[in-house]
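Q: Before anything else, here's the structure in question.
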Amino acid sequence: MDLSELERDNTGRCRLNSPVPSVCRKEPCVLGVDEAGRGPVLGPMVYAICYCPLSRLADLEALKVADSKTLSESERHRLFAKIEEDGDFVGWALDILSPNLISTSMLGRVKYNLNSLSHDTATGLMQYALDQGVKVAQVFVDTVGPPETYQERLQQRFPGVEVTVKAKADALYPVVSAASICAKVARDQAVKNWKFVEKLQDLDTDYGSGYPNDPKTKAWLREHVDPVFGFPQFVRFSWRTAQSILEKEAEDVTWEDSQTGDQEGLRRIKSYFSEGPRPRLPHRYFQERGLESATIL
């Protein structure tokens, strides 16, 4: 899988896709949606869709696709290669969300939680397929949150499509299994070849599984936290595991608008950047009228 676009800029989001098979613009199609990397504290989250004509669904099933979590890495790569070989009737698309995008979304002034981000990403990929001319008739989605609520929301958004949202859909519907494989192959490759924008010395790329409860992942986080600048952008700093390490290992900072009580010994944030007091400008009313204080005439 060619992830060169992501490797050039892995700070935001990146959409990749196969060519749309011509038959998918002519015949009613079934489409599956799944993700990989929702839970880890390290690396991107990848959403994927896979689709094919309803008349060729048996051919997709013949590939023996399965939930990517039950397959070895070599099996996933082999099956993705088969999906690529059958590009005359199978198409796919990915949306790769960087750790930086995930965390800044979740910790922004307007909160955007992971469920909402996941729902909107899946919806965006479904709309992308329709915009590319795919005749989507049926959609199967691996749920995030309560499946009934999620299905109702998608059905309202796409009234002309039959939508089914189920838990463990990647083990129930082959087209969702295929999407699961596409997402997992992309995430594994992205993590393996991650380009760190930070200049890190003695970088250890043995991250463990990347999940918050993995001791090796926790050890990597403690080793690669900077006391001032925090974690590399490879880390989802909004995860509680990362926040706990920051609270223990990073320097305390007093923000100008939140200083209370006796905080002697804590440096103000502007002290890192300012060499001296900055002159206070007059109010805009006086600047616009060219008025000056009589004390400096």
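Cβ from N, Cα, C; glycine included.
Just so you know, TrEMBL annotations never went through curation; they're auto-generated.
TrEMBL feature annotations, pasted as is:
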{"type": "DOMAIN", "residues": "28-251", "note": "domain 'RNase H type-2'"}
{"type": "BINDING", "residues": "Asp34, Glu35, Asp142", "note": "divalent metal cation binding site"}
Q: Per-residue pLDDT averaged over the domain 'RNase H type-2' (28-251) comes to what?
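A: Here the mean pLDDT over the domain 'RNase H type-2' (28-251) amounts to 93.
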Q: Fewest other CB within 10 angstroms, which one of the binding-site residues Asp34, Glu35, Asp142?
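A: Least crowded of the binding-site residues Asp34, Glu35, Asp142, by Cβ count within 10 Å, is Glu35.
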Q: Using the recorded divalent metal cation site (Asp34, Glu35, Asp142) as reference, state which further residues of the same chain have their Cβ within 8 Å of the centre of those residues' Cβ atoms, listed in sequence order.
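A: Residues close to the divalent metal cation site, other than Asp34, Glu35, Asp142: Val33, Ala36, Tyr47, Ala48, Ala122, Val141, Val144, Ala169, Asp170, Val176, Ala179, Ser180, Ala183.
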